[in-house]
């Protein structure tokens, strides 16, 4: 499968590259970091709906599920219960700052190994927890693993993959997140039936499987040529480049990586450099994508799917079963994005999903507003099935758009000199808003009731407008050529580039330059 990659013309460089087994294996092993993250996301919602778990750690919540005091929507409104879920993301946020240093100085592979060790220790604490404090410590250690894994894995995948399949391979991370969520939902469904009150320990303990896979994977994968060259191992970097590209003709790509590394080393303060005018478009887009990704409401559904379905009147088994269905839809839809992201493009997937998510959330809000009152749960079988179908419609559109692309686009747009710092900011912003949603959702559900879905649908509308006007297309563009071929041709972002952008030429409404669509230009319509 040899051949050039990246569209030719417009200064595009064509490098020879085969899709080699070592690339596929390395990417699969690295992406198990996503499996661990997904399992942690999915398992917390399931165990917090298990009576044995609630009796041991949250007896007040258990009592409220049996005899709701205020409203059906408020059964699970408890700050400590939300802290069990959200503490992981707060710890991940702190760990990200250390992970940025290790990614740059020690390499992507060592950073993934550190993540695996944190995951293993955190899993042991959670499975053996005797009180709430031990439970929270376990979640904090898992959060440290998330911080290191989310920092290193997307960058690793972007750097090791040939450009023509970079999008698809990078989405392996998100695919494994969704598989992890589905695996957690299936485990929760099974362990909920275990008599004796220890099913939740098994749910939390089985996180050790993906943790072990990530740790072993990090021991055997190669580090990326970008990372080796960045740390001064030029010969080793060139040798690895030959192995992963499956050809000896790597000189053009190698020289481009060396030059990018030289430019990167000239930057002594990458975080300060992020704030320079020429780097603002990438920073604005990376931050906005993370904020918007959380405000689609997806994590509220994924964290608390069994709790949410319980709130709507589903029984214990039915709520976990419904969560399994949404988890399965999540996995299948992410596979769709692997095949379509490098063909259809990033913008088209995001815009189509915006319409689908907006409509499904509005209809869910209308149904719940009519059928689920504070003290009645007359959803009925027909409407219950319809709600699950609509939730699946929402989840599927997220899974082939904002889920994977929220990570892919930032990882491929930052130049090498700010890539580690940019990825740190990306992960930090994601974890801050993930923490906010995890800590606040059950309280928001209590106060907003069905209006919570209208709240998230309003955000979906805002983010779709942002994509339409401000997000350029990046498919099939080599990472080192983003500035020339993307940012300097966008109707707004070219104003932030240092060179004289007037000579580049504007791209207006639907026009393509060298095969790249760079966004709708409203100024041409004024």
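Quick reminder: no glycine exception, Cβ is built from N, Cα and C everywhere.
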To which of the residue ranges 250-271, 382-403 does TrEMBL assign the term transmembrane segment?
382-403
Please give the sequence-distant neighbours of the transmembrane segment (81-98): residues at least 6 beyond its ends with Cβ less than 8 Å from one of its Cβ atoms.
40, 44-45, 48, 57-58, 61, 118, 132, 135-136, 139-148, 150-151, 303-304, 424, 427-428, 431-432, 434-435, 438-443
Counting only pairs 6 or more apart in sequence, are there at least 3 Cβ pairs under 8 Å between the transmembrane segment (202-222) and the transmembrane segment (110-129)?
yes
Restricting to CB pairs under 8 Å, which listed stretch, 110-129, 135-157, 283-307, 382-403, is in contact most with the transmembrane segment (19-39)?
135-157
With contact taken as 3 or more Cβ pairs under 8 angstroms (pairs 6 or more apart in sequence), are the transmembrane segment (135-157) and the transmembrane segment (424-444) in contact?
yes
